[in-house]
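Engineer: Starting off with a structure, shown below.
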Amino acid sequence: MDHFLYQADELYAEQCQVAELAKLHGTPLYIYSRATLERHWHAFDNAVSEHPHLICYAVKANSNIAVLNVLARLGSGFDIVSGGELSRVIEAGGDPAKVVFSGVGKTVAEMEMALNLGIYCFNVESAAELEQLNLVAVRLGKVAPVSLRINPDVDAGTHPYISTGLKENKFGIAMEEAEAIFARANELPGLAVKGVDCHIGSQLTEIKPFLDAMDRMLALIDRLAEQGIEIKHFDVGGGLGVTYDDELPPQPDVYAAALLERLGGRDLKLIFEPGRAIAANAGIFVTQVLYLKENSDKRFALVDGAMNDLIRPSLYSAWQKIIPVIERAGDSHSYDVVGPVCETGDFLGKDRQLNVLAGDYLAVRSSGAYGFTMASNYNSRPRAVELMVDGDKAYVIREREKIAQLWQGEQILP
Ligand code: LLP
């Protein structure tokens with residue numbers, strides 16, 4: 001459940017009128033709901049309440065420091081994939097001791113930064129990275145807490161671009177190599193083996209792939225124990241899907257209960273890295289219709305938001321619900337909702353039944369995750385303003401980019 005609901009024919013973000021916010025701040029704009037973010041985070045945390053655990057929100061889903069700060073205040077940990085994300089967490093008041101560092105290509109500088117800040121764990125993705133991390137830690141006189149990301153080779157059944165747990169993907173260490181690399185990690189002086197982790201993909205709507213992965217990972221943990229390598233935590237990654245259309249993904253409580261049951265009596269702390277499940281339905285993207293246009297038998301609603309603002313439809317053919325901010329009575333027609341960018345792939349939705357006129361506002365739902373964080377300046381379009389509503393108050397949490405910022409740092413030749 002989220003807090004973007006109609007009152008009569010008008011869409012509200014919590015107790016704020018979306019149309020008023022759009023008029024005041026201009027379009028395109030992102031609006032996030034604090035109550036929804038908190039509700040989703042608590043849904044995860046409560047789902048595993050009794051069992052030792054840490055919820056590490058995946059920063060890549062939405063990295064605005066106001067979003068991170070709202071979650072940090074709840075006691076959230078964070079899953080990061082770069083020094084930039086780590087810096088955001090610190091800026092937002094997050095606790096580095098609750099940070100896990102994922103990603104296949106950590107640089108020496110990023111390792112140094114994370115070691116100096118004292119993060120919870122490095123999720124190491126290859127033997128080469130393991131050796132590098134050991135060297136950096138020894139040089140700094142530190143011991144790096146490590147988990148190895150194992151690729152369990154399960155089919156997550158999701159879009160190929162966001163499926164990560166198959167052998168052919170670049171992520172993680174192959175299961176066959178896991179024990180040898182754990183043994184190596186165990187003997188390196190700059191490392192302390194803490195955990196294992198996996199992440200099999202994103203927007204999973206079935207529980208089975210998670211359980212298949214878990215079975216394989218638990219078998220590995222048991223084999224490691226026989227070799228005297230004690231694993232203290234199991235990081236199950238993120239990936240729980242959300243409802244964009246009519247998908248019915250398991251709710252966090254059902255998902256966590258299934259994982260806990262599989263865990264049996266093992267004394268393992270569980271780490272979760274949800275991104276989308278916390279942020280997606282906590283945000284909308286609001287855009288204004290500039291023109292209506294008909295080409296032969298096709299109708300287009302040309303809007304001021306585009307693929308540079310919200311790339312999921314273009315990049316993954318992702319379907320996100322598009323709704324009017326103020327509903328009109330009368331007949332609807334089928335429209336392609338398209339942006340001003342000079343690409344055929346620039347659309348927010350195709351064949352949508354809408355009753356709109358130029359000047360109307362449309363809201364693209366479920367845009368709180370992988371929306372703004374994937375935005376670009378393509379076509380020299382300044383990035384959108386971001387707001388967060390909290391009850392009847394709305395706060396600008398990132399100003400609309402100014403035109404002069406577009407060439408900030410650029411130089412012309414003397
Ligand atoms: N942990 C790791 C190691 C990850 O790679 C990811 C996402 C997550 C956690 C969070 O996954 P989530 O709970 O959000 O599914 N841009 C794509 C999604 C890419 C996900 C990448 N990794 C999209 O818009 O659908």
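Glycine is treated like the rest: Cβ placed from N, Cα and C.
Sharing the record's features from TrEMBL:
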{"type": "DOMAIN", "residues": "35-280", "note": "domain 'Orn/DAP/Arg decarboxylase 2 N-terminal'"}
{"type": "MOD_RES", "residues": "K60", "note": "N6-(pyridoxal phosphate)lysine"}
{"type": "BINDING", "residues": "G239, E273, P274, G275, R276, Y370", "note": "pyridoxal 5'-phosphate binding site"}
{"type": "BINDING", "residues": "R276, R312, Y316, E343, Y370", "note": "substrate binding site"}
Engineer: Taking the binding-site residues one at a time (E273, E343), which has its Cβ surrounded by the most other Cβ atoms within 10 Å?
Structural biologist: E273
Engineer: To which of the binding-site residues Y316, Y370 does the lowest count of other Cβ atoms within 10 Å belong?
Structural biologist: Y316
Engineer: Specify all same-chain residues, apart from the site residues G239, E273, P274, G275, R276, Y370, whose Cβ lies within 8 angstroms of the center of the Cβ atoms of the pyridoxal 5'-phosphate site, ordered by sequence.
Structural biologist: A58, K60, A61, S202, G238, L240, A277, I278, A279, A369
Engineer: Measuring CA to CA, name the entry from the recorded positions K60, R312, Y316, E343 that ends up nearest R276 (pyridoxal 5'-phosphate binding site).
Structural biologist: K60
Engineer: Which one is it: of the binding-site residues G239, P274, G275, which Cβ has the fewest other Cβ atoms within 10 Å in this structure?
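Structural biologist: Counting other Cβ atoms within 10 Å of each of the binding-site residues G239, P274, G275 gives the minimum at G275.
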Engineer: Taking every protein chain shown into account, which of the recorded positions K60, R276, R312 has the largest tally of Cβ atoms within 10 Å of its Cβ?
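Structural biologist: The largest 10 Å Cβ neighbour count belongs to R276.
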Engineer: How big is the Cα-to-Cα gap, in Å, between the residue listed as 'N6-(pyridoxal phosphate)lysine' and G275 (pyridoxal 5'-phosphate binding site)?
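Structural biologist: Rounded to a whole number, the Cα-Cα distance is 7 Å.
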Engineer: According to DSSP, does R312 (substrate binding site) sit in a helix, a strand, or coil?
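Structural biologist: Note: R312 (substrate binding site) is helical by DSSP.
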Engineer: Could you tell me which three-state DSSP class Y370 (pyridoxal 5'-phosphate binding site) falls into?
Structural biologist: coil
